[in-house]
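Annotated features in TrEMBL:
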type	residues	note
ACT_SITE	H11	active site, tele-phosphohistidine intermediate
ACT_SITE	E89	active site, proton donor/acceptor
BINDING	R10, H11, G12, E13, T14, R15, Y16, N17, R61, E89, R90, K91, Y92	substrate binding site
Amino acid sequence: MVRFALTIVRHGETRYNKDKILQGQGVDEPLSATGFRQADAAGVFLSNVKFTHVFSSDLLRAKQTASTIIGKNKFCKDIVIQYDARLRERKYGIAEGRPLSDLKAMAKAAGEQCPSFTPSGGETLDEVRARAKNFFEFLCQLSIEEECQKEQAVLGMAGNGLETLEGKPIFPLRNHCCGLELNSDTDKDTKMLNPNILVVSHGAYMRNWFGYFVLDLKCTLPSALKKSQLSSVSPNTGVSHFIINLGNGDVIKPEISCICLNRDDHLADVNTENL
């Protein structure tokens, strides 16, 4: 059985986020001062998590957030962050660099709802979801291959008196989440998950990715999660955590449990005057 943990974090705030201007892929803004404070807070929040892999969008705001989070981590300071274009924000075409109100006006003129409207030169929601699906299946395949390597290593050590390879108790986030229904057996299994993957990405992209989890893969959700939260964009540096069970190596239809979605408890002490 192949099981792994997946933590997904939205990048910190940029000047364009604050001013409600669309960045998409064509505007590569750095984090604002507030964005760096948010990334610091997320890093402290996740500082005890022993990540085995870190992936980030190759856009600057995500790269800076991932670097800041890992810089605060007690176990992962030397880990190599892997940048992947599949994690980029949704492409908004002619609307990039323009106020969100302009996109809403374009959608209204076309007789469509804003979230599903595709401006000229932009990506459709289906195209964004296809990118997310492709990247997620890559993570599943990566986990399967590493499990095979681990099993081979264990077989190679048989009879030599060495301990078998095993994941470490690596994820304390459940202590920060409400509405969890984990029994002692589930808790024990969760602590042994390996790989433990961190991904840093973008708001609209993440909303589509989570939609794929829920609608296509029938992800199990926390009982306290409100339906409205599923369609909401994550706050800057919002943290979501999932447990993925691939069963007999089934990449197409894995079992997914959402432990928490878009949590922002770590931002309580960030200076709200600049949010």
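Glycine residues also receive a Cβ, built from the backbone N, Cα and C atoms like all the rest.
Here the features listed in TrEMBL are painted onto the structure.
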residue: R10; record: substrate binding site; Cβ contacts under 8 Å, 6 or more apart: V200, S201, H202, G203, M206, S234, P235, N236, T237, G238, N262
residue: H11; record: active site, tele-phosphohistidine intermediate; Cβ contacts under 8 Å, 6 or more apart: L31, G35, A39, S57, L59, R61, A62, Q64, T65, V200, S201, H202, N236, T237
residue: G12; record: substrate binding site; Cβ contacts under 8 Å, 6 or more apart: L31, S32, T34, G35, F36, R37, Q38, A39, A42, R61, Q64, T65, T68, N236, T237
residue: T14; record: substrate binding site; Cβ contacts under 8 Å, 6 or more apart: Q23, E29, P30, L31, S32, G35, R61
residue: Y16; record: substrate binding site; Cβ contacts under 8 Å, 6 or more apart: L22, Q23, V27, E29
residue: E89; record: active site, proton donor/acceptor; Cβ contacts under 8 Å, 6 or more apart: Q23, G24, Q25, S57, L59, S201, H202, G203, A204, Y205
residue: R90; record: substrate binding site; Cβ contacts under 8 Å, 6 or more apart: G24, Q25, G122, E123, L125, V128, H202, A204, Y205, N208
residue: Y92; record: substrate binding site; Cβ contacts under 8 Å, 6 or more apart: L22, G24, Q25, G26, L103, P119, G122, E123
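Taking all protein chains in view, 29 other C-beta atoms sit within 10 angstroms of the C-beta of R61 (substrate binding site).
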